[in-house]
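Student: Got a structure here, written out as structure tokens. Questions coming.
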């Protein structure tokens, strides 16, 4: 880390740590951002030592700028970091990243105008490309330097390891910066495996070449002396054109960037291959119940890079699906953060969710709540179980007969008779009808005890004799004897009305 962090001196490092990441934000650049940028440059086969000077930062910006439109968020972040570092090297006072980008754009516009003015003054307004691999030699001639084996090795290694994952496209764009169609074909021919993907790429290139020929028909008539013929689709693809013709088109006035056109066709075909090698839709990316939030975010953004959609649609997918497809634990935390939360805040809040430590903490909180509720219920039940006692001797509440100070009541407390105690009382409790219940004979007490049975007509009307049924007047003494007053004595004690 020490070698990577040595790109800034003491004073420059102080200025670096005062620049904010976003306008009006609290977070500022730190030393770790330089370390991260150097690692990303190594991943893209770019020398991280270029970060030590302003000229090196300018070269890095020149290679990364064409990839901003089709690149990922990592390339954009890398470009912003290098642009801010360039301003620190140039001693340009900036407050945040946006201001640094504005300064870079302003400086680029000035350099373009200056180059155009210089070309106009010298009588040569041709915009000569200074990008590798077409360079200008000491005699002022534009010559081509073949693509280096190191670049080819980096490209082959990426294809073998990543197998046309979404990060292959920005890697190809960075390695093929300023390349001619011949260099691009060399890069494609070095891919040994994945011939099915290579065949799909060739079909896409043929389709784009046919579309180019349709939109750019050949002009009739001879070509004027000193002028080059217009390139056809096969010329752009490098199959019917020589290296000198390709260099001539790219350095002509006005130039025809056949290398950039061919690279766009290849990137279009690579997008189709990436979509085929990544069949998983972004809608199917869901966080597992025990999956860390960081791994879920990595899978989400990797699949999002393979989606063929505009940046606005991708932003909507990120804002909506990232929270919607999280597991219930993380979803609760993310909804509490609100819709304006940054990705860093989300990952910090969900750190450790789903692991054994988080599960143990949630279980401990749940158990503590259950225990507190149980204690409260037990205390409440204990209070409710305290009933007021009543004395059988005096009938007052607050004490029992054992501790009663009143004169002891004579006789049984149940039946009122003397000679025995309540525990030895053999008299059974009478019900509200005055009967001893349960009755082992007769009808139940709540039924009519003496139901009149239907009788036949008088005997004289049928000639059966003079005897008739029992007159109903004789039933009165029976009815009167159904509820004897003596039975109420066991229920209400000595009834004065019965005496």
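Cβ atoms are placed via backbone N, Cα and C, with glycine included.
Sequence annotations record features per position, and here Swiss-Prot assigns N-myristoyl glycine to 2 based on similarity to another entry. Here Swiss-Prot flags 106-128, 438-499 as region 'Disordered'. Annotation comment: Swiss-Prot describes 148 as phosphoserine. Residues or ranges marked as asymmetric dimethylarginine by Swiss-Prot on the basis of similarity to another entry: 386, 408. Under the heading motif 'LYPX(n)L motif', Swiss-Prot lists 482-491.
So where do these features actually land, and what's packed around them?
Tutor: With a cut-off of 8 Å between CB atoms and residues at least 6 apart in sequence, the same chain places nothing near residue 148 (phosphoserine). Under DSSP, residue 148 (phosphoserine) is assigned to coil, being neither helix nor strand in the three-state scheme.
Residue 408 (asymmetric dimethylarginine) falls outside any helix or strand according to DSSP and counts as coil. Taking the Cβ of residue 408 (asymmetric dimethylarginine) as reference, residues of its chain lying under 8 Å away and at least six apart in sequence are, in sequence order, 393.
For the motif 'LYPX(n)L motif' (482-491), the model gives a mean pLDDT of 52.
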